[in-house]
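Asker: My structure is below; once you've seen it, I'll send some questions.
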Amino acid sequence: MAPWYHLWWVLACLVVESRRFQRHPAFLIPSYIHIPPLRAEAHSNVAKYTVRGGQCFLPAEQHEQRILQDEWRRVSDLFGFAEYSIGVLAHADLFKSRGVQQNSDTGSLANDHPDKGFGLTLGPSDHGLPETDIDTTDDISLNANQEHRNELYEFTDRKGRRLALRGDVTPQFMAMLKEHWELPIKHNLNALETKQITKWFTMADCWRYERPGHCRRRNHIQWTCDIVGIPNEDAEIELLTMLITFYKNVGLTNKDIAIHLNHVDALPTLLESMGKPVKDHTWMHQFRKVIDKYRKINRNELCIALNQLGFSYDEINKLLDSIANCSDINTYAKLFGNETPFVKSLQNIVHGVEHAQHSDWLHMDLSIVRGTDYYTGAVFECFDRMHPQHRAIAGGGRYDNYLGPKENNDRQLSYSVGFGMGNIGIIETMRSRNLLQEQIFTDIVLYNPHSSSRVPLRGVDLVHVNKVLYSLRDSGIKVFHYFQGTKLAKALEFAERASSIALIYPKLDDATGTLVYQVHNIPSKSKTLVAKEDIIQFLERMRRHKTN
């Protein structure tokens, strides 16, 4: 009976675990992100180099991140943005004050997207709260303040100061900009002063205490670009053009990416016409939580959630039909009127993008809500057309008067537009379309087993080998010195795995006893004997031929 009892116990455990994975499918993560095993805290023999949900990249994965970040920087430079950097650790009050006092009803919307959030992410402090698998942001009845506090990595340092890991760049950016507003921006051209226009970008590590899931980790690298000082829609047009330029540069087209555009005043205007309590911040927060799931849940679930907020059957149909039918600027104008201020603003943006020959990328969408109290004008999010129900790849909008009227000593600080793009969603989008180049780990592998051989090369020959090694590297050719004294076959196998163009093997010629190089062409699997005087030129020709 004992063996059968044990088998029954094992089967019971498997059933429990399978149900657990059904309840929490977020545990099924993409394979390209290297993270520590789940429940790492419960075992002493697992890696502890990061926390659960933290991003760590092995060399091949880091190569993909490097491709992405290089393109971020290249596009930023093309549009004249100056790079800045700011630490990940800051005083916790910086992330609390604005959201708690002014934006306490909209935080979860930004938290649902790992990109340009609204300037607040409050979360778990160091009060001994255990890590759980419950994603509290899925509960629309939660108070927004509590949602934010559940996502801030906050703690007390040795001097009693409350500090936090950055969850979003905007609070730090605006605080730094305000403090240094009187100082000029110093760069090569020395043409722009902060008294005119500020166009800054950064790539910042952001941390949020939320359940790891699809395109969501507890930290992400965020490309953030902001324009401060432009009161009209030229700033939005510039940023949208910048995003489209990035997508095109990495090989994506308007058939892959759609930029969903809306205005923060659109839905409140529609709701007010239906007699809904748009001035009630708690009700509006819950409503936005529901609408934010417009693409993620089916219509029946959406109707049930809206009905719980007091919508009748006819009102639900009117609301959802309006969202479904408002897909271009003409239907917006028909629904809200051509003379409505926010419609005019959206028309200016759409026409500006059309003049840049990019109109096919835009899609008007009433369901884009984001952190509506954080933003004050146009808002936008970028989605993969193949997976529109997935999280936004990037997002942003206008957030005028972020510092508040009392802090705006200079009117230029009153006007702000920005966007953010996290590294997780865009990498997955590029990978799914094979747009990430395979890493060339090294160009040449130098196989030199003679250091451990019974018949080593002569001193003069070793000098020549080292000279070749240094000369190739000075020419910009990547050379991997294969030190192991193993068989040539294993070295060739390594060169092939490293995507090398050639393996060179210094040896003594059997007939003359002089130093020659046996060059193995990895792609063609051929080999050639090359005299030591010609080896550098021979390898440089091989590399140029491979590059061309």
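For all residues, glycine too, the Cβ spot is worked out from N, Cα and C.
According to TrEMBL:
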type	residues	note
SIGNAL	1-18	signal peptide
DOMAIN	143-404	domain 'Class II Histidinyl-tRNA synthetase (HisRS)-like catalytic core'
BINDING	Asp168, Val169, Thr170, Arg208, Gln222, Asp226, Arg370, Tyr374, Tyr375	L-histidine binding site
Asker: Could you pull the average pLDDT for the domain 'Class II Histidinyl-tRNA synthetase (HisRS)-like catalytic core' (143-404)?
Answerer: 89
Asker: Around the Cβ of Arg370 (L-histidine binding site), how many other Cβ atoms lie within 10 Å? Please give the count over every shown protein chain.
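Answerer: Taking all protein chains shown, Arg370 (L-histidine binding site) has 27 Cβ neighbours within 10 Å.
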Asker: Within 10 Å of the Cβ of Thr170 (L-histidine binding site), how many other Cβ atoms can you find? Include all protein chains, please.
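Answerer: 26, counting other Cβ atoms within 10 Å of Thr170 (L-histidine binding site).
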Asker: Can you tell which of Asp168, Gln222, Tyr375 has the least company, meaning the fewest other C-beta atoms within 10 angstroms of its C-beta, among these binding-site residues?
Answerer: Gln222
